[in-house]
Amino acid sequence: MDTVFALGSAQGRAGVSVIRLSGPAAWAVAETICGSLPDPRKSAVRVLRAQDGSVIDQALVLAFKAPHSFTGEDVVEFHVHGSIAVVRTVLDALSDQDVARLAEAGEFTRRALENGKLDLSQVEGLADLIDAETEAQRRQAVRVLTGALGEKVEVWRSKLIRAAALIEATIDFADEDVPVDVTPEVTSLLEDVSSDVRTEVAGTHVAERIRSGFEIALVGAPNAGKSTLLNKLAGRDAAITSEIAGTTRDVIEVRMDLGGLPVTFLDTAGLRQSADEIETIGIERAIKRAQEADLRVFLSGPDERLLIEPLEDDIRLTPKVDLAPGSQTGISGKTGQGIPELLEKIRSVFSERVSAVGLATHERHRLAMQRALEDLDNSFEALLRGPEFYDITAQELRSAIRALETLVGRIDAENLLDEIFSSFCLGK
């Protein structure tokens, strides 16, 4: 295994930058520029020197001995002053060592996976934590990073292995008198796992939305005040406003952190019958995007006909209430009236949905669990048909186990790993 190094903190000027080495020669390489290393898992200040003996910087140095490190290998970290010049010079000094090379994107984390320090779901949790912008995203990523999904998968896997073992034992002793009927226990195990997996699958949509952001479509007729409201919510001129109906033709998006929840407001084209071909295309897009959104806010009077059928949680508000003297209900993008109440209602709706979120956070997780459910359904069907179909039951159970194992990376999937790690920076 090569020894690799990279900048482990953000690129650019900073108070402190972290440079990480990992691999069998990490300690030897580090000693060439800092002299003696501190004891494992302890820190010490060292002077870093180039090959010609010139001083590069003073650094805080930490050393970790395998397997007690992030990667499971020997690791050394240099915490240097965050000057671009200092970082570049340290990296150049490390490059001068023939036994070390610059790490590829995500290579440190990949080594942690290969050495059993993380499972695949934890790797994805780490990536999500790095990308987290809101509190809900951070909490969700931490749950996965700390191994909660992997622990749940292991419980499912253990139960299915027990069920498969019972079936296999019955097959092996088919010609002998087996005193115990395994069907009740196997049935109970399959029902337990199937129920848990279905619950987890049901929560994946919300989990994926926490990662990408809940979408809220502003829907209404032309000149209903949608763009003005969007600009008020954004605190800037995100959309063009005009007294001319049909100004908005493309869907305009504004992302926000709403009480820790990631949301995206969509300003859609005004809905009406139009002879303008370009506007008609915009209206068709608006209807499609609004129907796909997680929530719709209809800006329309109580007697107006809606071109999109509202769903249970959708919100309907009278727009431009600033033009109706004495009105206490509705909303105004111009004055801000009704906006706090709207945001609280939206936050309440999504908070209730988030309460049902599971641990599976990626589409890959959902697809793997759906495959496992199909295999479990097939195995249960074969089980009920009697002992002569136990070989099919065992085969389907093994398929279900393999599907669940892909969640945590027990099954080799080189292309999948390449895709996941390509999203990491060099220092991870």
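Any Cβ shown, glycine's included, is placed from N, Cα and C.
Under the heading (6S)-5-formyl-5,6,7,8-tetrahydrofolate binding site, Swiss-Prot lists ARG20, GLU77, LYS117, LYS428, citing sequence analysis as support. ARG20 ((6S)-5-formyl-5,6,7,8-tetrahydrofolate binding site) falls within a strand when secondary structure is assigned with DSSP.
According to Swiss-Prot, the K(+) binding site annotation covers ASN223, SER242, ILE244, THR247.
Under the heading GTP binding site, Swiss-Prot lists 223-228, 242-248, 267-270. In the three-state DSSP scheme, ASN223 (K(+) binding site) is classed as coil.
Annotated Mg(2+) binding site per Swiss-Prot: SER227, THR248, in sequence order, evidence recorded as sequence analysis.
Residue counts for the domain 'TrmE-type G' (213-351) under DSSP, split into helix (H, G, I), strand (E, B) and coil, are 41 helix, 29 strand, 69 coil. As annotated by Swiss-Prot, domain 'TrmE-type G' applies to 213-351.
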### Task
Would you please pick out, from the binding-site residues ARG20, LYS117, LYS226, the one with the fewest other Cβ atoms within 10 Å of its Cβ?
LYS117
### Task
Restricting attention to the domain 'TrmE-type G' (213-351), give the mean pLDDT.
80
### Message
To the nearest Å, how far is the Cα of GLU77 ((6S)-5-formyl-5,6,7,8-tetrahydrofolate binding site) from the Cα of SER227 (Mg(2+) binding site)?
### Response
50
## Note on the structure
Counting across all protein chains, other CB atoms within 10 angstroms of the CB of GLU77 ((6S)-5-formyl-5,6,7,8-tetrahydrofolate binding site) number 22
### Summary
Should one count Cβ atoms within 10 Å of each candidate's Cβ, the binding-site residues ASN223, SER227 would be headed by SER227
